[in-house]
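K.L.:
Sharing the record's features from Swiss-Prot:
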{"type": "TOPO_DOM", "residues": "1-13", "note": "topological domain 'Cytoplasmic'"}
{"type": "INTRAMEM", "residues": "14-28", "note": "intramembrane segment"}
{"type": "TOPO_DOM", "residues": "29-69", "note": "topological domain 'Cytoplasmic'"}
{"type": "INTRAMEM", "residues": "70-90", "note": "intramembrane segment"}
{"type": "TOPO_DOM", "residues": "91-94", "note": "topological domain 'Cytoplasmic'"}
{"type": "TRANSMEM", "residues": "95-114", "note": "transmembrane segment"}
{"type": "TOPO_DOM", "residues": "115-127", "note": "topological domain 'Extracellular'"}
{"type": "TRANSMEM", "residues": "128-148", "note": "transmembrane segment"}
{"type": "TOPO_DOM", "residues": "149-154", "note": "topological domain 'Cytoplasmic'"}
{"type": "TRANSMEM", "residues": "155-175", "note": "transmembrane segment"}
{"type": "TOPO_DOM", "residues": "176-191", "note": "topological domain 'Extracellular'"}
{"type": "TRANSMEM", "residues": "192-216", "note": "transmembrane segment"}
{"type": "TOPO_DOM", "residues": "217-225", "note": "topological domain 'Cytoplasmic'"}
{"type": "TRANSMEM", "residues": "226-247", "note": "transmembrane segment"}
{"type": "TOPO_DOM", "residues": "248-269", "note": "topological domain 'Extracellular'"}
{"type": "TRANSMEM", "residues": "270-290", "note": "transmembrane segment"}
{"type": "TOPO_DOM", "residues": "291-304", "note": "topological domain 'Cytoplasmic'"}
{"type": "TRANSMEM", "residues": "305-325", "note": "transmembrane segment"}
{"type": "TOPO_DOM", "residues": "326-356", "note": "topological domain 'Extracellular'"}
{"type": "CARBOHYD", "residues": "342", "note": "N-linked glycosylation site"}
{"type": "TRANSMEM", "residues": "357-377", "note": "transmembrane segment"}
{"type": "TOPO_DOM", "residues": "378-384", "note": "topological domain 'Cytoplasmic'"}
{"type": "TRANSMEM", "residues": "385-405", "note": "transmembrane segment"}
{"type": "TOPO_DOM", "residues": "406-420", "note": "topological domain 'Extracellular'"}
{"type": "INTRAMEM", "residues": "421-441", "note": "intramembrane segment"}
{"type": "TOPO_DOM", "residues": "442-450", "note": "topological domain 'Extracellular'"}
{"type": "TRANSMEM", "residues": "451-471", "note": "transmembrane segment"}
{"type": "TOPO_DOM", "residues": "472-717", "note": "topological domain 'Cytoplasmic'"}
């Protein structure tokens with residue numbers, strides 16, 4: 001009972017603190033609305049304080065207007081952080097529901113308090129806050145920590161699904177809702193085709209962050225995880241590009257008609273915006289990697305370079321009306337490959353946790369704003385539009401999933417099963433992106449904006465609460481194929497070997513696939529890019545670098561899980577010995593590294609095998625005599641045992657088929673017959689004597705002189 005009561009008391013403390021913060025936020029909003037003046041500048045504040053000459057110095061003053069904006073921003077961030085802490089206090093709660101559900105509930109609670117105290121809709125974000133401050137950290141974190149190899153191995157299926165799937169969902173939902181709006185009984189006749197298509201583009205933006213958390217816990221197979229991850233990474237960018245193009249069409253349609261040329265220009269702009277954003281991101285990633293080559297002595301600014309250049313890529317792309325989301329994604333992927341090898345380990349840890357912190361805070365604020373906007377007067381309800389929107393989202397999601405994956409499975413070595421496709425269909429959770437795009441619709445172009453916001457909230461609430469909560473049990477019920485354990489160093493080395501081997505086989509056969517593309521890029525990378533972008537481009541063994549990377553990763557994981565704290569601390573005697581050991585100089589370390597590199601690069605020499613074709617001639621007299629003596633002893637022993645000479649076939653013997661079964665009697669009987677035949681034949685002894693005499697004369701000559709001993713080696717071989 002004691003620990004349970006302590007946990008309950010701690011939970012009640014957190015809940016009470018959350019309530020206090022919500023009341024503070026509500027009171028700050030009331031003060032903001034009741035104050036006739038806005039935020040004062042320091043000069044205006046000084047002028048106001050010095051306007052009355054008879055005013056005395058007061059001991060205590062209250063000036064909320066001066067700190068209003070940073071105070072409220074700090075309160076919002078603190079409220080979001082405490083909400084996440086409270087969510088993870090109960091260890092069972094994250095397994096039952098996604099984190100976004102609790103954040104929406106907390107936001108709805110805050111909105112209810114604000115609306116109840118002042119009877120006015122609570123404050124929400126505008127377009128500049130969302131697109132310039134909240135969205136970039138989320139996209140940067142997703143791109144930087146993306147598993148690169150699985151992503152590019154499935155890049156074809158990801159682009160096929162994320163790109164074409166977003167277009168099918170957007171136009172399918174938009175056209176279906178347009179036909180529903182033509183029914184006069186529903187009272188939706190004032191919503192035209194462009195407005196429905198625009199609503200379809202924003203409602204098709206999925207946000208399966210909660211689903212990815214469930215997949216990581218369930219350890220589903222890698223290709224299923226990468227399809228959902230790739231959709232989450234690219235779908236927002238595609239939806240935002242389509243959203244901006246359709247808004248431009250809506251503005252144009254207000255003043256003039258849209259022609260076929262405008263539609264072709266819109267399609268061309270869709271391609272240029274996407275490709276231009278990727279190009280900008282890669283360029284800024286290369287620039288940041290090149291600058292980090294020279295930061296070995298000032299490593300404190302390395303995290304600043306990473307964040308500033310990634311944010312600059314987003315702003316530069318948005319300045320030229322390109323896709324900032326795709327730009328910052330490409331920049332993050334490029335920096336992940338090159339910048340990590342230049343920055344120190346401390347800078348890498350700082351980048352990792354600061355990036356995750358910014359992404360978590362931004363996403364939490366968006367979900368809380370979503371809950372806040374639920375309560376207020378900015379809603380319009382229409383049963384037909386809301387219900388058909390929810391139905392069409394599910395229908396077109398199913399059509400796009402099963403159609404596109406049926407086509408892609410025809411070209412895949414490992415196709416997606418029906419279970420995988422069902423999980424992908426069920427993972428279409430709408431979230432912060434759809435709500436933000438709906439809330440940022442210009443009211444002058446969309447008179448039914450409140451209806452769009454209401455329908456978006458209903459779809460988001462249904463997918464987040466219902467699908468987000470039930471996706472875990474569904475994965476366990478369907479028994480989706482699980483992933484393998486983490487690759488060991490042996491598996492990693494064999495994967496690299498097989499990639500290189502497959503590229504060579506394809507080159508010999510005249511075929512082409514992604515193995516050759518990867519191999520050519522690796523050669524180009526090692527030959528040019530790494531020499532320019534990497535600080536110390538010295539030839540190192542890939543085994544050494546991979547071992548160092550795995551050891552570093554294992555040490556970080558042990559430090560994060562607390563395993564290093566369980567290791568016994570060294571005794572004072574050991575500490576003295578460690579301190580007494582002389583540290584290696586940089587020259588010694590460099591020489592050791594060179595020795596290891598050379599030895600690991602060298603191929604072990606194979607021992608030569610000798611035969612009669614490569615045997616070197618020997619001129620030693622002792623060796624020739626020894627060979628002759630041993631040969632004579634061998635022949636004498638064979639004759640003493642009653643055996644015939646190996647090169648003489650005794651008379652009357654049969655031709656045996658070797659490497660097959662004999663014709664007749666077993667081995668002992670055959671040996672007896674051969675012995676009887678050979679012992680009674682005097683020609684064998686005479687032939688043996690003459691042969692030995694001829695060999696001696698051939699080697700030593702008729703007068704006993706040594707001739708060419710190498711002839712003996714040839715004869716014996």
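Quick reminder: no glycine exception, Cβ is built from N, Cα and C everywhere.
Because the structure is a prediction, the values reported are computed rather than measured.
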K.L.:
For the transmembrane segment (385-405), which partner among 95-114, 155-175, 357-377 gives the most CB pairs under 8 Å?
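P.N.:
Stretch with the highest Cβ contact count: 155-175.
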K.L.:
So which of 95-114, 128-148, 226-247, 357-377 has the most C-beta pairs under 8 Å when paired with the transmembrane segment (305-325)?
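P.N.:
Counting Cβ pairs under 8 Å, the winner is 128-148.
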K.L.:
Specify the secondary structure state of the residue listed as 'N-linked glycosylation site' as given by DSSP, simplified to three classes.
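P.N.:
Its secondary structure by DSSP: coil.
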K.L.:
Any chance the transmembrane segment (155-175) and the transmembrane segment (226-247) have 3 or more Cβ pairs under 8 A, given the pairs are 6 or more apart in sequence?
P.N.:
yes
K.L.:
May I ask whether the transmembrane segment (128-148) has at least three C-beta pairs under 8 Å with the transmembrane segment (357-377), counting pairs 6 or more apart in sequence?
P.N.:
yes
K.L.:
In the predicted model, what is the mean pLDDT computed over the topological domain 'Extracellular' (115-127)?
P.N.:
63
K.L.:
Among all protein chains shown, how many Cβ atoms are found within 10 Å of the Cβ of residue 342 (N-linked glycosylation site), not counting that one?
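P.N.:
24, counting other Cβ atoms within 10 Å of residue 342 (N-linked glycosylation site).
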K.L.:
Which bits of the chain, at least 6 residues beyond where the topological domain 'Extracellular' (406-420) starts or stops, bring a Cβ under 8 A of a Cβ in it?
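P.N.:
That would be 156-157, 160-161, 221, 223-224, 227, 478-481.
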K.L.:
Would you kindly list the residues that approach the topological domain 'Cytoplasmic' (291-304) from elsewhere in its chain, counting only those six or more residues past its ends and only Cβ-Cβ distances under 8 Å?
P.N.:
339, 342-344, 346-347, 350-351, 354, 533-535
K.L.:
Based on DSSP, tally up the residues of the topological domain 'Cytoplasmic' (149-154) by helix, strand and coil.
P.N.:
5 helix, 0 strand, 1 coil
K.L.:
So if I exclude everything within five residues of the ends of the topological domain 'Extracellular' (442-450), which remaining residues of that chain have a CB under 8 angstroms from its CBs? That is, six or more out.
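P.N.:
For the topological domain 'Extracellular' (442-450), the sequence-distant neighbours (Cβ-Cβ under 8 Å, at least 6 residues beyond its ends) are 190-191, 195, 198, 247, 250-251, 254, 378-380.
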K.L.:
Per DSSP, what is the residue count of the topological domain 'Cytoplasmic' (378-384) in each of helix, strand and coil?
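P.N.:
Secondary-structure composition of the topological domain 'Cytoplasmic' (378-384): 2 helix, 0 strand, 5 coil.
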K.L.:
By DSSP, how many residues in the topological domain 'Extracellular' (442-450) are helix, how many strand, and how many coil?
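P.N.:
Secondary-structure breakdown of the topological domain 'Extracellular' (442-450): 2 helix, 0 strand, 7 coil.
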